[in-house]
Amino acid sequence: MMSSPKTIALKIEFGGGMELLFANQRSHKLSIPARVPVDNSTKELQAEPDSSNTKPTDIVFLIHYLRDHLLKEREELFIENGTVRPGILVLINDTDWELEGEGDYKLQDGDEIVFISTLHGG
Amino acid sequence: MAPRICALCHTSKAMLRRPKTGQQICRDCFFFVFETEVHNTITEAKLFKPGDRVAIGASGGKDSTVLAHVMKTLNERYRYGLDLFLLSIDEGITGYRDDSLETVKRNQQQYDMPLKILSYDELYGWTMDAIVAKIGKKNNCTFCGVFRRQALDRGAAMLNVDHIVTGHNADDIAETVLMNIMRGDISRLGRCTCICTEGEDTIKRSKPFKYAYEKEIVMYAYFKKLDYFSTECIYSPDAYRGHARAFLKDLEAARPSAIIDIIHSGEAWAVKEEVKANQNAQQTCKRCGYMASNELCKACTLLEGLERGIADAGITERGMKKLEAQGPAPDNLRTIPFFRLASHQQNGHPAIEVEAPT
């Protein structure tokens, strides 16, 4: 079997006012495990979890991870029914996530994920 | 997953899915179709004629920033022959509008357009900060909305422009249709989908982004790396619109065409003549000369209430009675300068000095 990295490094960008929920910081660097619990629990993450009940790290997990570890306020403006609130655009390496399988997209080492709120001001 | 190829040029990698059509297209094709659709909206509605002086209502937010960029691009590409201006209203909201006006000032340099900023303070003698300090965070959006509408017209008259364009997008218009239905506001429902509103003595106003989805406007700003400001107003946001908006976004998630469908529904509405006849005819405010549906325009009523310490005078019937019970307005009451349309001024020159780009 091919050996895969146990963690993946990601670059996260927030824009359009989304950054206000994340300590007003637009750019973040993260390192998260390459496999994560299927229930998206972000507590007690292990670099080498049991293979049962885990999945490759996807965007849905990332959204939960951001909520639990980086979000500073008003979680209801970020997450709704297990995904981002309608009106938040997500780009995966500058491509609309709707072309990449949305929440099911499996994150790769070095990916850049952008979250932009469309809900602020005109 | 293999990269998808653009449905239009069949060469480059698709970067977004258009909400209106479901098409998957690349960045360059997106720029082209987005701009071309706005151009088609403009030409089909015959919004402009060569030589028109047009003010772009600029808040520094995403919609007006993208509008300024696209108007400049189209004016050059299709030789509309327009004189473009940026017009900003400073409501006097510390920590919000002062920051967003910095963005507009950068836009002035970036787009090389003259900019006029008109403040509530100079026009009404009140900033929104002062109004909120006086009346609290209830009804403050009513003051702000009424004051802004009139301030834009007055700023346009000062610039001697023929026309104001605003960044209202398809999502905004669909929201307004929903709100007017929920409030039973037939007269607004009848006109809120019009791309252009023009009364006899009002400045023409139009919405070139009427059919542009918010998602595409934000994507355009992102891909073009446009400089815009995005902070929520620090005073209580329009809660009712917030509900309409959340509902609309849920509909859009289930069926992206919902937004354009609601606009079409709004356009299909026809208001009976006898219903229209029951609405107050338009008149001229006897105090400031601005258009009004009563003796006094809404802004003069609100301002009088503020000045005389009965802030709900322009909002509730009870407040109005309280004001009337106190007798007529005192002679030394602060009022809004008399309104004159640009066409009534000396032709060709702005009535005021505008800040030219340096």
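Even glycines carry a Cβ here, placed using N, Cα and C.
Mapped onto three states, the DSSP output places B:GLY57 (ATP binding site) in strand. A C-beta separation below 8 Å, combined with a sequence spacing of at least six in one chain, links B:GLY57 (ATP binding site) to B:SER64, B:LEU87, B:SER88, B:ILE89, B:LEU152, B:ILE164, B:VAL165, B:THR166, B:GLY167. As annotated by TrEMBL, ATP binding site applies to B:GLY57, B:ALA58, B:SER59, B:ASP63, B:ILE89, B:GLY167, B:ASP172.
As annotated by TrEMBL, domain 'tRNA(Ile)-lysidine/2-thiocytidine synthase N-terminal' applies to B:54-232. For the domain 'tRNA(Ile)-lysidine/2-thiocytidine synthase N-terminal' (B:54-232), the mean pLDDT of the prediction comes to 92.
Sequence-remote contacts of a segment are chain residues at least 6 beyond its ends whose Cβ falls under 8 Å from one of its Cβ atoms, and for the domain 'Cytoplasmic tRNA 2-thiolation protein 1 C-terminal' (B:283-312) they are 124-126, 131, 134-135, 139, 142-143, 146-147, 150, 153-154, 199, 201-202, 318-320, 322-323, 326, 329-330, 333-340. According to TrEMBL, the domain 'Cytoplasmic tRNA 2-thiolation protein 1 C-terminal' annotation covers B:283-312.
Residue counts for the domain 'Cytoplasmic tRNA 2-thiolation protein 1 C-terminal' (B:283-312) under DSSP (helix as H, G, I; strand as E, B; rest coil) come to 12 helix, 4 strand, 14 coil. Look at B:ASP172 (ATP binding site): DSSP puts it in a helix. Ranking the binding-site residues B:ALA58, B:ILE89 by how many Cβ atoms sit within 10 Å of each one's Cβ puts B:ALA58 at the top. Long-range neighbours of B:SER59 (ATP binding site) (same chain, six or more residues apart, CB within less than 8 Å of its CB): B:SER88, B:ILE89, B:SER100, B:VAL104, B:GLY167, B:PHE229. DSSP assigns B:ILE89 (ATP binding site) to a strand.
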